[in-house]
Amino acid sequence: MITRLFGFKGGVKPESHKNESSGPPIQKGPIPKRLVIPLRQSIRSTARCLVQPGQKVLKGEHIGEGEGGLGTSVHASTSGTVVEIAPYPMAHASGMETLSVVIEPDGEDRWIDHTPLDLRAVSREEALAWLRGCGIVGMGGAGFPTHVKIGGGQGIETLVINGAECEPWITCDDRLMRERAAEVLSGAMILRELIGAKQVLVGIEDNKPEAIAAMQAAASKLGDGIAVVPVPTLYPAGGEKQLIRVLTSVEIPQGKLGTDFGVQCFNVGTAHAVHRAICFGEPLVSRVVTLTGNVARPGNYEVLLGTQVAELLQLAGPKADTDRYIMGGPMMGTELQSLSVPVTKGTNCVISASPALFPPPPPELPCIRCGACARACPAELQPFELYWFSRAKNFGKAQEYHLFDCIECGCCAFVCPSRIPLVDYYRFAKGEIWARERERQASDQARERFEFRNYRQEREKEEKAAKLAAKAAETRAKLADTGEPAPAPAEAEDPKKALIAAALARAKQQQAAVAPRNTEDLSADVQAEIADIDARREKLNQQDADKAP
Ligand code: SF4
Ligand code: SF4
């Protein structure tokens with residue numbers, strides 16, 4: 001099916017260090033004393049907690065409901081009791097925390113009832129919902145929900161299964177392919193069906209001959225339409241765009257995806273998880289993790305999600321001179337700030353580092369603009385420009401130079417003669433840009449709230465004025481019906497004032513109606529008394545008028 005391979009730009013050849021851990025078969029890790037299961041297990045989405053402290057749960061029980069378009073479910077990794085729901089540190093350079101469900105296992109490892117999904121009996125949408133419910137996300141580290149990545153299933157010609165595993169030291173995919181090749185390819189065939197791809201290409205770096213042989217043997221039983229292809233060992237051949245380029249010749253430009261060119265790519269671990277989810281109804285509750293570096297028993301261990309690194313490391317036995325731990329590989333991994341962080345769906349490796357294995361980098365020297373970093377960059381960026389702009393906090397310029405196309409592969413830093421930790425600068429710049437974006441969104445929301453409050457107050461004022469005007473019109477109409485004199489124009493707008501003015505007018509009329517008669521012959525004393533009474537009445541009327549609101 002494949003007649004020739006293609007090269008990608010850039011790349012480096014670090015020492016692979018695969019032999020340290022790839023020898024022994026995958027071992028099953030024991031059930032730990034407690035599990036800390038983060039509710040954030042997929043990119044940009046934290047699941048809504050479905051359990052409470054004190055609640056008993058079974059293995060595979062739904063404990064977090066995925067929310068939003070990128071949401072996916074989270075499950076209990078074994079049976080036990082929920083003892084706490086609280087923020088715990090994540091494997092992140094900043095040491096940031098995320099809400100997690102803490103489970104005390106009962107040691108019985110009892111599963112929920114689970115059954116396979118018959119793909120022929122359900123619609124494509126139901127199958128995708130099933131994968132979402134089983135919490136399947138990309139296991140190569142990106143954590144992108146698989147049901148979203150399968151997408152519309154339109155126009156995809158080629159499904160690429162990524163078994164390159166190009167990072168030094170990591171061997172979990174290698175062992176998975178050697179030992180569970182049929183299961184991985186079963187998942188690949190399910191993905192092919194859901195995507196509607198015509199062909200499946202499995203790319204494996206040629207430094208894994210046993211994995212290539214096992215996968216080729218399994219593929220030969222599946223007939224045409226699937227090829228297992230050894231690709232040259234060159235870091236980062238396992239990058240999605242790089243592997244697609246090598247296998248299909250398709251060059252995916254900056255800002256575009258493989259799907260734009262009819263190619264979709266999934267990691268071998270993801271294909272294996274899809275197989276377990278469809279063929280057994282098993283949610284994703286465990287994964288294979290490489291423990292290697294400065295340890296007594298390097299190897300690959302199948303461990304429950306939520307196992308804390310401190311407990312995990314006991315399986316491999318870190319040596320006394322270990323001075324730090326890296327989650328992931330040395331090129332793209334993160335130095336752990338805390339050993340309480342748990343294994344998540346994207347955790348593929350924990351490396352114990354010692355000064356002998358990973359000597360401290362020599363002091364950083366000034367950039368000499370030699371261009372070595374640009375020649376090594378597989379994303380075709382200008383790393384030294386990104387470095388200058390990031391260092392000068394000129395984030396706008398860094399974005400102009402496509403900072404967000406940087407895949408943080410570390411090739412530039414690997415070749416830099418000045419030993420500049422370039423990727424640290426890019427991560428800093430990206431973090432600052434994201435933080436500013438969050439601040440901008442928060443201030444936009446505050447401004448919108450303020451403007452809405454002003455608008456609401458204005459609207460209420462106008463509604464009140466309209467009600468008063470309607471009431472005044474009603475009053476005027478009533479007065480006109482009874483034949484009483486209309487109030488003065490200023491009073492007409494206020495129904496209360498209009499009523500008072502009408503009452504005063506009525507009093508005046510009554511007064512005129514009862515005007516005394518035959519008073520011409522009154523004595524001077526009586527006339528004076530009447531004048532005094534009139535004056536007092538006038539005064540009282542005036543006081544009433546003044547009191548009116
Ligand atoms: S490799 Fe290092 S010294 Fe050379 S241009 Fe890039 S950043 Fe500068
Ligand atoms: S880390 Fe970024 S800039 Fe450096 S080589 Fe990789 S993609 Fe290029």
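The backbone N, Cα and C atoms fix where each Cβ goes, glycine too.
Source: prediction; values computed, not measured.
Per TrEMBL, [4Fe-4S] cluster 1 is bound by CYS367, CYS370, CYS373; the candidate from CYS406, CYS409, CYS416 named for the same site is CYS416. Checking TrEMBL for region 'Disordered' across the ranges 96-115, 136-155, 316-335, 476-495 points to 476-495. Residues ILE368, ARG369, GLY371, ALA372, PRO383, PHE384, TYR387, CYS412, VAL415, PRO417, SER418, ILE420, LEU422 surround the recorded [4Fe-4S] cluster 1 site, their Cβ atoms falling within 8 Å of the Cβ centroid of CYS367, CYS370, CYS373, CYS416, which are themselves excluded. Fewest other C-beta atoms within 10 Å: among the binding-site residues CYS367, CYS370, CYS373, CYS416, that description fits CYS370. Long-range contacts of the domain '4Fe-4S ferredoxin-type' (357-387) within the same chain, counting only residues at least 6 positions beyond its ends with a Cβ under 8 Å from a Cβ of the stretch, are 8-12, 236, 239, 241-242, 254, 293-294, 330, 398, 401-403, 405-407, 409, 411-422, 425-426, 429.
Rounded to a whole number, the distance between the Cα atoms of CYS370 ([4Fe-4S] cluster 1 binding site) and CYS377 ([4Fe-4S] cluster 2 binding site) is 14 Å. Of all the binding-site residues listed here (CYS377, CYS412), the one with the fewest other CB atoms within 10 A of its own CB is CYS377.
For CYS367 ([4Fe-4S] cluster 1 binding site), the nearest neighbour among the listed binding-site residues (CYS406, CYS409, CYS412), judged by C-alpha distance, is CYS412.
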